[in-house]
Amino acid sequence: MISAYTGTAVQAAEKPLLEAGVDLMARAAYGLANAVLWRLRTSGRVYGSSVALLIGPGNNGADALYAGELLSRRGVRTTAVLGSERVHGPAFAAFQAAGGTVVRLAERGVRDSASLVAQADLVVDGLLGTGARGGLRDAVADLVAALCEIGGLQVIACDLPSGVNADTGEVSGVVLSAIETVTFGGIKAGLLLPPGEGFAGDISYVDLDLSLPAAALERLDQDDLLRHWPRPGRSDHKYSRGVLGVVAGSTAYPGAAQLALHGALAAGTAMIRYLGPATLRAGGLPPEVVPGASTVAANRVQAWLVGPGVSDDAEQERRCLDAINSGLPVLADAGALPLLPERVGPQVVITPHAGELAALLSRRGHPTVRADVERSALEHARLAAQLTGATVLLKGATIVVVSPQGEVHSQSEGTPWLATAGSGDVLAGILGALLAAGVAPPLAAAMAASVHGRAGVLASGGGPMTASGIAEAVPQVLRELFEGID
Ligand SMILES: NC(=O)C1=CN([C@@H]2O[C@H](COP(=O)(O)OP(=O)(O)OC[C@H]3O[C@@H](n4cnc5c(N)ncnc54)[C@H](OP(=O)(O)O)[C@@H]3O)[C@@H](O)[C@H]2O)[C@@H](O)CC1
Ligand SMILES: Nc1ncnc2c1ncn2[C@@H]1O[C@H](COP(=O)(O)OP(=O)(O)O)[C@@H](O)[C@H]1O
Ligand SMILES: [K+]
């Protein structure tokens with residue numbers, strides 16, 4: 001499990017150590033310098049290579065300056081570009097004493113400074129850290145905009161990419177995309193949330209031995225999947241493993257039902273009862289799927305998956321609603337989202353993409369558009385969980401899961417190739433499989449997101465794939481997970 005924290009929580013945890021005189025900054029700078037040295041070494045040489053350091057007024061700039069000091073002493077040509085008048089005095093003195101070159105943005109100007117920085121082998125972003133209020137401003141923002149326009153820079157972010165909110169992942173103004181973020185004392189939640197994660201690159205963690213509070217966000221890793229993924233035992237039979245009822249598809253959208261069913265079967269559901277239009281039941285179902293009784297109440301299942309491909313079909317909509325109201329664990333997706341009652345119980349999971357979440361919030365008196373959700377994903381997912389009482393899985397490159405109790409998970413194992421029609425239906429199938437097997441909603445949502453992402457990567461292999469291909473890859477992802485156990 002990867003745990004992440006708010007910037008404020010990390011700062012509070014640092015306080016007692018700082019008061020006891022522990023030089024946390026030296027440890028942070030050492031970790032940052034090592035990351036830079038490793039990158040330089042793997043791309044050629046250390047001695048004589050060049051590193052540009054973008055320096056802000058606070059401790060984040062100080063970390064970068066102390067790292068610059070260490071790099072200078074290893075024979076790296078270091079140039080610090082000071083973004084503001086204010087700079088951490090002792091760190092600045094140490095950097096100069098080690099032979100680092102200093103350029104002041106105010107004197108050199110944006111254009112000249114940008115071309116100087118762009119010539120460096122590596123750039124360290126030490127402009128703003130956890131003390132940032134809002135994004136980069138004035139000439140510093142212009143400098144970063146100019147660097148973004150030049151493009152192709154190898155940037156290592158100090159603690160977090162400047163302009164990314166440490167707590168929420170929200171991005172203000174221009175931000176330099178990093179290949180790596182070296183973060184100190186605790187992984188900041190904003191590095192694992194959209195859109196911030198998109199700027200962070202690989203995350204390296206420098207442990208400062210802090211006593212941290214409960215995590216603000218958790219991310220499952222391979223061990224968690226292995227620990228929690230349901231597997232049949234000797235005494236199991238197809239009913240005891242959990243039966244999933246599926247209400248999906250309509251005459252207009254038969255494919256969504258197929259993909260949701262395929263996803264659920266691939267994720268290990270032993271028994272599915274399907275409720276849908278006669279045309280679909282007659283010909284197109286996978287042979288493993290059992291046609292269910294016509295009403296929700298007449299079907300004995302452990303969980304429901306409702307909504308994929310449900311559109312303009314009163315009978316299907318009635319079934320979705322009945323399943324949502326059944327009290328059983330239920331995943332409501334796509335066509336079931338507009339049917340969601342005002343309040344539901346915590347056994348309900350909803351899986352909107354940003355556009356669907358915006359529509360859901362707007363229907364509940366919070367006028368929202370897709371761009372609002374994309375800008376502050378956590379805030380909107382949280383609001384939806386509070387308003388509906390459901391666990392919310394917000395889809396995207398980084399998937400955010402928020403439970404009605406406020407627990408937050410995020411997963412991002414996927415690939416942009418997953419953005420293909422029907423991909424979400426397969427995710428719904430995987431999540432339905434976990435709910436039927438009795439996995440608690442927030443954990444089931446995070447596990448489904450993780451396995452869906454992994455299956456996407458496997459199916460894609462770096463190129464395009466279909467939604468069916470994602471489902472086909474799921475058993476292989478699980479086989480690799482289970483390899484070596486039992
Ligand atoms: N605590 C520790 O011991 C450890 C902390 N560590 C490091 O410290 C970092 C946090 O340091 P920090 O608190 O100094 O905050 P930081 O982000 O550098 O900048 C704040 C300064 O920027 C200014 N400012 C704010 N917003 C701005 C904006 N939008 N545009 C322009 N300026 C803006 C603000 O000025 P103000 O507006 O208040 O006048 C203030 O001067 C943390 O990320 C980690 O790297 C590690 O060394 C481990 C030990
Ligand atoms: N850029 C991206 N990178 C990684 N995964 C993505 C990206 N865009 C979308 N996805 C994933 O692809 C799926 C798309 O689901 P959805 O929008 O419901 O599509 P559909 O309705 O066509 O099935 C979700 O699991 C989402 O998290
Ligand atoms: K930074």
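The backbone N, Cα and C atoms fix where each Cβ goes, and this holds for glycine too.
Keep in mind the model is a prediction, meaning the values are calculated, not measured.
Some features that TrEMBL has for this protein:
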- 10-216: domain 'YjeF N-terminal' (DOMAIN)
- 59-63, 129-135, Asp159, Ala256, Gly309, His353, Asp425: (6S)-NADPHX binding site (BINDING)
- Asn60, Asp125, Ser162: K(+) binding site (BINDING)
- 221-481: domain 'YjeF C-terminal' (DOMAIN)
- Gly424: AMP binding site (BINDING)
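Among the binding-site residues Asn60, Asp125, Ser162, no residue is found with its Cα located within 10 Å of the Cα of His353 ((6S)-NADPHX binding site). Geometry remark: Asp125 (K(+) binding site) versus Asn59 ((6S)-NADPHX binding site), CA distance 12 Å.
Within the set of binding-site residues Asp125, Asp159, His353, Asp159 have a CB atom less than 6 Å from some atom of ligand 1.
The separation of Ser162 (K(+) binding site) from Ala62 ((6S)-NADPHX binding site), Cα to Cα, is 14 Å.
Looking only at other Cβ atoms within 10 Å, the busiest spot among the binding-site residues Asn59, Asn60, Ser162 turns out to be Ser162.
Only Asn60, Ser162 of the binding-site residues listed as Asn59, Asn60, Ser162, Gly424 bring a Cβ under 6 Å of any atom of ligand 3; the order follows the sequence. Ligand 2 lies under 6 Å from the Cβ of the following binding-site residues, listed in sequence order from Asn60, Ala62, Arg133, Ser162, His353, Gly424: His353, Gly424. For Asn60 (K(+) binding site), the binding-site residues whose C-alpha atoms fall inside a 10 Å radius of its own C-alpha are Thr130, out of Thr130, Arg133, Gly424. Among the binding-site residues Asn59, Thr130, Gly424, the ones whose Cα sits within 10 Å of the Cα of Ser162 (K(+) binding site) are Thr130, in sequence order.
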